[in-house]
């Protein structure tokens, strides 16, 4: 039964060009290695290693840097123990008006007091500024190292300068150690993010990011199995480039270097535009759409991959619109608007809520290419 499902799922007609089978890829010429799904077995244990490395990095490197920059962890005010409110909080962090009125009658508490309890309880679960600094420093380091590594091997690759080389003799293209290392590093990193989401403090965008990480893992895995490594490494390199500046802007924001934060965010916006709205669509997507059709010919999985790339490009356009709004505010008002998903609510938030909504507009929740206080990733 399992063999039949596997055979159906990995159908030659779906995943490979016409007149090519998986058997053809199992016996490469001497000295040549083709990608095989079995090569990625090591990714899960490596992901655990990456997660442990992150914890070690945060403790030994990021946290001392936070202390030097005087970014303290802080101790949030703790909510008064209450079993009834805690039980509701576990299922709904922000109760509606009807629930608040019911709780008021049940506990003989004023509605305002119950709202204050939930606000304090939410703040209690929010990550501290130091924790967010450590997480951003880890991601900044990973993106920087991965980008430099990918550029070092792509720079001497002919397909970086002429994308038609991505499709010559496809799928019979040899696997290089650099391509393998790049793919394994990215996969292990995203699997580690999957693990950490269940261990770290949950954010508002938990489900969104869980789906995002899962989709990223699936795309990277299938492009490896399908031997789209040349185009795949280009896609990952282009995405890592702008992420470096986003995480750098977050670090400056947490350290309260506002001018540096604003400048880095503008640099991030410019780099995002050139990498995601110029290089990605007119260089990589164009190659996958038109050059691959001309050289290798279309097949069923070809439509799937191109459809996903076009969806991703649509998201890039939406994200850039939101990023531009923040960047313009940084230029003309002198301060980057923060994503309020992870901001800690002050005790006066409730009192000033209506006035705040009238006077301030904060773009929020557009993946990790937007706000400076959230945990997000947009590959």
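Cβ coordinates come from backbone N, Cα and C, glycine included.
If you look up TrEMBL, you'll see 37-53, 140-160, 206-225, 264-289, 301-323 marked as transmembrane segment. What TrEMBL records for 85-128 is domain 'Homeobox'. The DNA-binding region annotation in TrEMBL covers 87-129. Per TrEMBL, domain 'TLC' is recorded for 131-332. The annotation region 'Disordered' is assigned in TrEMBL to 339-379.
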Counts by DSSP class (helix H/G/I, strand E/B, coil) across the domain 'Homeobox' (85-128): 33 helix, 0 strand, 11 coil
Stretch-averaged pLDDT - the DNA-binding region (87-129): 83
